[in-house]
Amino acid sequence: MAAAAAAGAGPEMVRGQVFDVGPRYTNLSYIGEGAYGMVCSAYDNVNKVRVAIKKISPFEHQTYCQRTLREIKILLRFRHENIIGINDIIRAPTIEQMKDVYIVQDLMETDLYKLLKTQHLSNDHICYFLYQILRGLKYIHSANVLHRDLKPSNLLLNTTCDLKICDFGLARVADPDHDHTGFLTEYVATRWYRAPEIMLNSKGYTKSIDIWSVGCILAEMLSNRPIFPGKHYLDQLNHILGILGSPSQEDLNCIINLKARNYLLSLPHKNKVPWNRLFPNADSKALDLLDKMLTFNPHKRIEVEQALAHPYLEQYYDPSDEPIAEAPFKFDMELDDLPKEKLKELIFEETARFQPGYRS
């Protein structure tokens, strides 16, 4: 834990890192770190609560700039109880001085990944967590956004079992017609939660990839272990087919990539493993919904509104309290091709509203 900075004593240090967030945020305490930044909790002297502050230093890398800009653009436009918001952003007053960006968010005690390492969940908890994931996802999908990296560590939890989806750095506007060349190379989302079509096709992607990830998360809540822990690309596919069985001819016809289709045709026939054999203690309604989410063919996979209306979630289902976005989200430009200098300018502009004396 960093010592509390005395008023006016300059930035606090946390594990050798400068955290320049005073005077409003003090009493910093280390939480963890990701690929390009550290997260601390801090005391907000204005709202009198502890908050989470993520320090991001992305400006050396085009990919990190892209992810940072995506996350900020999306989260500043989203407003939903099951999606983490941005409360404040701290950065230098000029673009030349801006080396880091500090993002202030609600402090959540833990995440689903940490929880599943230590606790076996009751059916009631599984049901409530799944409902909140789908409630947040309904809003995301209504904005025409794909999260693309749903996994237990991106689901934040607090002691009252509130759940918030975080990390929109890989999110995209849904565009089933656009052929994202190089899709697989830039697709760094965790393999275990990846839909089979991501490994088999490169053309376009749809909201059904997020539903697949939610199915993987439900299976993990039922058993405290990942359902498809593939060691590499082909191993991942083999794990999936080992449980779902061989795809039907109709399902194979959806695979545009001939090499991928021929690979699947070359494999020995596998039978589907019954879900109640894998999860003998699970609620039968939970397994019915799991089956509809972990469907090989993305066109037959359940959609988020149908999933919310499934009998497993009937005690929570309330369409009048499951809000959607006001308007579909649009990125003005494809960020993939922009140089990091341009992305830095866009991050600077996007964060201006939090600067003292800002006038829109």
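Every residue gets a Cβ built from N, Cα and C, even glycine.
Just so it is clear, the model here is predicted, and its values are computed rather than measured.
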Annotation phosphoserine in Swiss-Prot: match it to one of Ser122, Ser248, please.
Ser248
Select, from Ser29, Ser208, the one residue given the annotation phosphoserine by Swiss-Prot.
Ser29
Say a student had to find the phosphothreonine annotation in Swiss-Prot: which of Thr190, Thr351 would be the correct pick?
Thr190
Between the candidate ranges 103-109, 124-130, 215-221, 327-333, where does Swiss-Prot place the motif 'Nuclear translocation motif' annotation?
327-333
Range annotated as DNA-binding region in Swiss-Prot, from 259-277, 297-315:
259-277
Say a student had to find the phosphothreonine annotation in Swiss-Prot: which of Thr94, Thr185 would be the correct pick?
Thr185
Given Thr190 (phosphothreonine) and Ser284 (phosphoserine), what distance in Å do their CA atoms have, once rounded to a whole number?
28
DSSP residue counts for the motif 'Cytoplasmic retention motif' (318-322), split into helix, strand and coil:
3 helix, 0 strand, 2 coil
Number of other Cβ atoms within 10 Å of the Cβ of Ser246 (phosphoserine) across all protein chains:
17
